Amino acid sequence: MLENTVVEIRGYQIIIELHFMARRLLHYVFIQIFGRNSVQKYTVILSAQTKAPIKVNAWPAAQQVSTGSTVTINCTVTGHPISTIEWVKNQQTLSLSRRVVLISRTVLHITTVEREDKGMYQCIARNDEDSAQGSAELAIASEPPVLLSKFEELIVKPGESVSLRCSAVGNPLPQITWYSYDLPVQDTSRIRVGDYVSREGSVISFINITRVEVSDGGQYECRAINEYGVDAFSSIVHVRGPPSIRPIRNRTAIAGDFLIIHCPISGYPIHSIRWIKGNRQLPLGRRQKVFTNGTLLIQGLDGIEDEGKYRCQVESDEGIKASVDVFLKVLVPPSITPFSFPKNPQEGMRASVSCSVPTGDAPIRISWLKDGIPLSLESGISLEMIDDFVSTLIFKSLRQEHSGTYTCVAYNDAATVNYSVPLSVNAPPRWRVEPNDQFVPVGGTVILDCTADGRPEPRVIWKKANDESGDYRTVISGSHIQTLVNGSLVIRDVEQEDDGRYMCEASNGVGTALSTVVKLTVHVPAHFKQKFVAQTVRTGESVTLKCEAFGEKPMTYMWLKDKQPFGGLSHPRYMLREQMLNSGHLSELTIHVVERQDNGLYTCVASNAFGQDEKHNQLTVQERPDPPSNLEAIHTSGRKVVLRWSKPFNGNSPIVKYILEYVEGKEGWNGRVRELLTDGDQLQVSVEDLQPVSQYNFRLVAENAVGRSLPSIPLNVITESEVPGAPPRNVHAVATDSKTIHVSWEPPLKNLHHGAIRGYYIGYKISGTNDPFVYKTVEVKEGQDRSCDITLLRQNTKYSVVVQAFNDKGAGPLSDEVTVRTLEFDPPKPPFLKIAETTTSSILLLWETANGKGTPVSGYVLHWREHGLEWAEVQIPSEKTNHKFTGLNCGTSYKFYITAFNSMGKGQPSDVITARTEGSAPIAPSEQSFITRNATTFILRLSAWKSGGCPILFFVIQYKQQRQLDWNVLSPRIEPEEEYAKITNLTPSTWYSILVTAHNNAGPTEVEYVTSTLTLQGGTIEPEIVGEKEQLRKYKSLSIIVPVSCAVIVLIAVSLAVFFLVCKKRGSRLTNHYEGVRGNEEGKSDNLAMTDLEKTYDQNRESVYFPSPYATSRVPGLHRDEVGLERDGCRSLHHHSGRQSEHLYDIPQQMREDMRRHSYHMPSTQDGTMDMSNYDTTKSHHLQSITEEGIPCDIDAFVIHEKLAMGNMWTPNHRWRANEIINHDGSYSPLHVHAQTFVTEGQELSDAECDRDLRHMSESGMKVRNVLQVNPRNVCLAK
């Protein structure tokens, strides 16, 4: 809402616009001032406090509904602001549910109304300072009971069963009770009373009587009751038998009332029922009536005639009679004779009233109440009982506080009655607040209090005297002077004419009127006729501020600046001068050479003995504006920037315009500067026609009527990118097979990128058709080749190809179409290679091809290598599907894969498979079959060793005493032809360790035998002695165990760190490559470049087998970098210099079934290296390390788990005892593993688990040997 007001002052036209929010809530004030020439314009916007009192109205305010209906309560809230709205029911926070919901903060909706929903609902609105509420009452419509079904009159025989039933409805649900002759029916062993609520919402009640007796007969009534009414029905149950009457209790009644007495008869049939009083049969008159069912009614009871004994007598058809007596007592209630107080009682008078009870049965008691509460016999009031039936209330001297309503109460055993009369004591006026003389300054407000008490209420009148003669005239209320309801006189904006004498007069018609005269003195305080002056001056000029005050003298001045005492008067630029005038007092403040700090509100305060006043001089010092601040870019695009800034100090003169200056790139402000102008009321500007991805420097200058400001702090902005401005260059397309096209291109020129190129859209379609292009997306990074394979095309078909670059903003223009034809047929698919047969020196391979008739095969190239050696290949004609390799090493692992080729090129390689020639490492014998001993010699029967299928090449035997640390070498090489080896010159009765290593092509087997020489007498050493020595040797070996364990733990930590770093690096690298060797399981395989493997293996013999669950195990036949993993073949390709020709191979994954049935040795090749080819690195992580001589160490977790299941334990640098390495099948299978720990499938052991296993194995009695000193080749560190 808008309201305008136009005011003209001294030639200036002022337009004031009042902007209102809803409901007359002032929002802000907009003021425009036009100068005399209508050119200058000043604008002021003043904000207003947008607050208004809160008002709440809830409607409908009251409603009555039936249960099951729907109710909506609306809450209308006005005012501002509104912080919270709360709903309350019966002064408790409203609980919401599925039925009771808030549609909005101000609308409450209740569905399926229930009885508990009734009550008072309140809607309460609040803010920090105010609150208000509205209420609405919800009532549930009352429904009195209605009996729906009733029982009929029955005639039954004794011993039969009777069931009486009633049903009723009502709101609330009624309660049904059963009566027989006005007495409740009670449950007994034969009589059962019950009820329930039906699905229709009615209450059903019943009486079941089993084995009915004659005494059960009579009248039965079902009575339905709720708080809104009663409905009843009665009928008779006749039980055949002689008549009888139940006892009747004696009755007491009030004279004048009526009485009903039932005669509870039973038996059937009944011939007659009679009532007898004395010797006379009733009725005796009109007041008495006997009904056929035996009920007696007596109306208008009289204590003399009706009191006495009554008899009910019944007779059957056979003449059998029965009777019962009842006594009636009639009581007479008291009555009070009307009385009253004297008319117009006044204070000081005497008064009395008497309460007389002429009728009523004694004893009668009489009491008095005043205003509904028992009368207190205070001073001046007394009671006198003349006899038992008259009480007199006496007031010796009436006072005003005796006024009230007096009630006489009389009661006896029959009833209580009362009679009330009012007493109002009149009193003349007397002062409650008497007025006093007062003084007040001009313009002030004064209240002359005047209040009087009396009965009736006194009327107060104010009068003012015209002169000293005492001629008073009544004061008439108006806006300036007003008489309040309590009698006080209020004078607002007091003037000098209000000075004088005033009289307050109070009267009520009782006694003499009261009056008092007071004097009101009016003083003239210091005051200004003009309260505010605004002056404008520019910096460097002079200005004089004037203040002229009026009022009683003497008068003083004080100057303030911005509400603080002005302390600049000592400065020579300021001069203060005062002078007395005829009409007042003048003070002038002159400021020379005005500066910015002189701007402000100057207040001169004039004071005298009766008050003070202020005059405000607003001095506005105008100057050039300050530089704009907070210059920022709120929107940036490729060719447009929107700038925003904060409004600076305007120098007390409106800013007429802003000048935006900007330069491009690194150009300085002394070069080519462009300007953009905008109005002074604007705080943002849009700069257009800019270049994408370009740097601009902006600064802003403000200008007012005085001049221009200094520039703002420069802002550096870089415009955003746009879609590429040109298509890719040098687009080429080449068919690589019958369904694949290889597309390559170069990016657009750098200056047309308009941002970083994120990728390309490759479009293709059959050439010469109107079909739309099908697009594939290729994302690239800086430095990558731009190429893509389009797959799943038609064979021998001509295609059109386009390329489109895109960046973060979108796609650029399309390149020119390039046409290419797919090949006539494809290179062959990879054959399926499998192992057909193995012997100790040969392996037979079979393969199958999956090529159709349209893909010819010219031949095969079969690739193979022994573990640890270079790959070799053999070319095989197309008609062959098998090949046998002979002359192989016994017990040695070999790898194979095959590729097919035709005139279109070489096909994809098959999966790499691994096979092993028959044979295993030597099998150690038991100690009993291997060692023969005496007191000084051990004879070792070498022929007890089994070859494992591969001939044993040689033995190495070492021995030492248990307490020694160093080993003695019996011979570094013992040929297997020597059936026996002897260890002589031993100490009798001494425990020895014998370390035997047997070598064949499948690998070494190393076993440590712990045995003792015999005594000189040929006996054995007792176990206790062996235990002590062994315990002593353990303690002495701590000097070896501790440092070795520490070194192992450190190496584990370092190896883990390197392992995870390499895995992470390989994971990030291989995810962007096409892996070359296909694995045996989908989704799980490990890849590595064999050239990398061979180089690393030759240099430092480090393990290169790292699990990589994301690899795909393919050996590339082409540069596999150019083939994507996705179905369409379009992926971002990473090229690495010097690596394009290398092949990627997998780590074997499929665990052979025979590995799950047997224990395995770690075979070695002829050069002594360990053969790891039989171990699965995908199903379970291997434990790998490098020995000091570069031997890889690898352990299958399954084998270790199998050994642990047999109870065999193993620890670093421990050897197996001969009695600890027997397999479950009885064969010897020493496991020569030198690793830190083992892992199961899908997990790696933590350091804590490694420590736990070390402790467990140490506690199991494992022995430690100094492998670092004796045989460093056996040192193997995990991971």
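Yeah, the Cβs are placed from backbone N, Cα and C, and that goes for glycine too.
Record features (TrEMBL):
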{"type": "DOMAIN", "residues": "53-139", "note": "domain 'Ig-like'"}
{"type": "DOMAIN", "residues": "144-238", "note": "domain 'Ig-like'"}
{"type": "DOMAIN", "residues": "243-327", "note": "domain 'Ig-like'"}
{"type": "DOMAIN", "residues": "334-424", "note": "domain 'Ig-like'"}
{"type": "DOMAIN", "residues": "429-521", "note": "domain 'Ig-like'"}
{"type": "DOMAIN", "residues": "525-622", "note": "domain 'Ig-like'"}
{"type": "DOMAIN", "residues": "627-722", "note": "domain 'Fibronectin type-III'"}
{"type": "DOMAIN", "residues": "727-825", "note": "domain 'Fibronectin type-III'"}
{"type": "DOMAIN", "residues": "827-920", "note": "domain 'Fibronectin type-III'"}
{"type": "DOMAIN", "residues": "924-1023", "note": "domain 'Fibronectin type-III'"}
{"type": "TRANSMEM", "residues": "1040-1063", "note": "transmembrane segment"}
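In the domain 'Ig-like' (144-238), helix, strand and coil residues by DSSP number 3 helix, 60 strand, 32 coil. Counting residues of the domain 'Ig-like' (525-622) by DSSP class, helix then strand then coil, yields 3 helix, 60 strand, 35 coil. Helix first, then strand, then coil: DSSP counts for the domain 'Ig-like' (243-327) stand at 0 helix, 46 strand, 39 coil. With DSSP classes pooled into helix, strand and coil, the tally for the domain 'Ig-like' (53-139) is 3 helix, 55 strand, 29 coil.
Per-class residue totals from DSSP over the domain 'Ig-like' (429-521), listed helix then strand then coil: 3 helix, 49 strand, 41 coil. Residues in the domain 'Fibronectin type-III' (627-722) partition by DSSP class (helix H, G, I; strand E, B; coil) as 0 helix, 49 strand, 47 coil.
Computed over the domain 'Ig-like' (525-622), the whole-number mean pLDDT of the model equals 90. Note on the domain 'Fibronectin type-III' (727-825): DSSP counts are 3 helix, 55 strand, 41 coil.
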